[in-house]
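First comes the structure, then the notes that go with it.
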Amino acid sequence: MKQAIYGLILFTFLALPPVANLLESIMIMHMHMQMPLLVFAGFLIARFFQLKFPQFFERWNANGVPGMLLFLIIWLYWMVPRAMDEALTSPFMELFKFFSLTFLAGIALRDSWKKLGNIEFSIMYIFFTLKFIIMGYLYLAIEDQICNNYLIIEQKTLGWGSLAMAVCFVIFGFYWHFTDQSEYQKVDL
Amino acid sequence: MNKKDNTKLAILLVIIFGIGLFYISTDGFRAYTAESARMYDLQQEKPTLPNVTLKDSHARTYSFDELAKDKYVFITFMYTNCGTVCPQLELNMRDVYKQIPSHYFENDLVFLSISFDPLRDNPEVLAKYRTYFDSDGETWRMARVNDSEELTNLLETLGVIVIPDDYGNFQHNSAFYLISPKGQLVEVMDFTKVDTAASILLDHLDKKVRD
């Protein structure tokens, strides 16, 4: 329960207008900091819902696949340049961003990722690694301004940021592949 | 219902939700950037242009309506100090210009490059700039809008977003705009697709001449 309170505090902090404005004024902070932090806030808040409505998650998200799909859809949605632009210009979209990333993506992720089997987990891992590589490449290769609210130089920065994330994912992949995870998993269960 | 069924139902619902979300927010999978959404919206709305007063490279002053009387107007927005997209935009405009038979320029069509930097782009600067693109200053004019309120109004109507950067330059979205003889916006075209723009323009002109 403590976790949920921390999550709520984080969420409130991110929603403070000066904090939100600051993070949104720089493209890479908008996508690689504000959005993941919102998901993380939801991840913490999820504990409250898991304790309160255990049957709901048990029935609707037994194997973690629906939740993971929901997380993926919400996350991909906010990668659409238009969605990012609209979050800045329309208050309704801004509200939807805070709600969807925290309460849909964050909670779904928390409830799903441990339930996923090895194959599903690998698919997710490959998907996200590829996503970061492709996005990084796209943002570096495109010469046009794709967000009306951000300069091209910020787009390039975001491209390098995505590639850096991809590198982290690849490193994690090696680590995960070459170490024996069974001991950790026993402890977790 | 058993547990397994619910999970499958949940997957289905999530997928439907996802398709709906993307469908609605991209105007039916058409517009993935705010820029393409803007172009799509403009094509649907066909707004009428506000009248503005222009000062061109020959230092002549006239209203847009005077210039555009019974003519199609092919417009781009630029500023002469621009080192990035504007030269490309104007070069592409020249390529469109070259594809249009000259008799259309007698009564049916005029090309117009509008500067949104009235401080620096005075008639002398525009007169020099136009020579870089073989603009003759008559059938293809370069002009600025003197009045800042008129300019803002015009840019807003056409959804042109201009962001000043830290180095005295501007970053802005670019497109070819076609205004009908009635003063209505009829086309917003991708400025990188010269041949497409030229053929769309010719279609409109053919129709006008036939009528």
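Here the Cβ of each residue, glycine as well, is placed from N, Cα and C on the backbone.
If you look up TrEMBL, you'll see B:9-26 marked as transmembrane segment.
What TrEMBL lists as domain 'Thioredoxin' is B:43-210.
In the three-state DSSP classification, B:C82 (disulfide bond) falls within coil. Counted within 10 Å of its Cβ, the other Cβ atoms near B:C82 (disulfide bond) come to 19, all protein chains included. According to TrEMBL, the disulfide bond annotation covers B:C82-B:C86.
Cβ neighbours of B:H172 (Cu cation binding site) (same chain, under 8 Å, six or more residues apart in sequence): B:F77, B:V85, B:F116, B:V160, B:I161, B:V162, B:I163. Per TrEMBL, Cu cation binding site is recorded for B:C82, B:C86, B:H172.
Confidence over the domain 'Thioredoxin' (B:43-210), given as mean pLDDT on the 0 to 100 scale, stands at 90.
Cβ proximity to the Cu cation site centre (mean Cβ of B:C82, B:C86, B:H172, cutoff 8 Å) flags the following additional same-chain residues: B:F77, B:M78, B:Y79, B:T84, B:V85, B:L89, B:N169, B:F170, B:Q171, B:S174.
Within the same chain, residues at least six positions away from B:C86 (disulfide bond) with a Cβ under 8 Å of its Cβ are B:M78, B:Y79, B:T80, B:S174.
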